[in-house]
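Feature annotations, courtesy of TrEMBL:
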| type | residues | note |
| --- | --- | --- |
| DOMAIN | 2-127 | domain 'Glycosyltransferase 2-like' |
| TRANSMEM | 93-115 | transmembrane segment |
| TRANSMEM | 121-145 | transmembrane segment |
| TRANSMEM | 157-177 | transmembrane segment |
Amino acid sequence: WRKECILDAGNWSGDTLTEDLDLSYRAQLKKWKFKYLEDVETPAELPVVISAARSQQFRWNKGAAENFRKNYRKLVKEPSVSFGTKFHGFFHLLNSSMFLIVLLLGILSVPVLYIKNNNPAFSWYFNVLAGFGISTIIFFCCYFVPYAKIHGKSLKSFFNFMGMFITFFAVAMGFSVHNSLAVLEGHFGKRSEFIRTPK
């Protein structure tokens, strides 16, 4: 960060749990440009124990929801921002809310299977819905493409990725209730203190 950019964007603000995301949006709305350096590593980004990862996920997801609540109007109303950028920014700010959908799908999966197996008249409907399974393939590709760029496209690299992806998917599903509560707290404006993640 350049000091001039931070001050021009309104300085750091502690009214969300992800103050860096908040400052990033405010700075971009002030026409500051960012450069993503793919070769710069961030050591100790991920916690070493699951309880710390859970705490970090809570903070990140709640903070993202708080940032949506705080910044989406400014983004949508900014006349100098293109529709495409507004669309992308709006859903980027809203991305932690996907845990609400994950939780809902998990809860509804059992009754939906019951309805599917006991009501053949609805089979066409479930066949259409099955097409949305392609979203998992898209999700997979969004993670595999950058992984392959860094680690190569060998068969060994692919199987290493598969092991990590399945683990990631399982952990994300396991965190869905916890993260959904975080998102709801963020959207409804429930305040909580910043708890640093041990790394």
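Any Cβ shown, glycine's included, is placed from N, Cα and C.
Remember, TrEMBL labels are computer predictions, not curated facts.
Tertiary proximity for the transmembrane segment (93-115) is limited to same-chain residues at least six positions away from its ends with a CB under 8 Å from its CB atoms, namely 25, 60-62, 64-65, 67-68, 71-72, 75, 122, 172-173, 175-177, 179-180, 182-184, 186-187. Counting residues of the domain 'Glycosyltransferase 2-like' (2-127) by DSSP class, helix then strand then coil, yields 88 helix, 0 strand, 38 coil.
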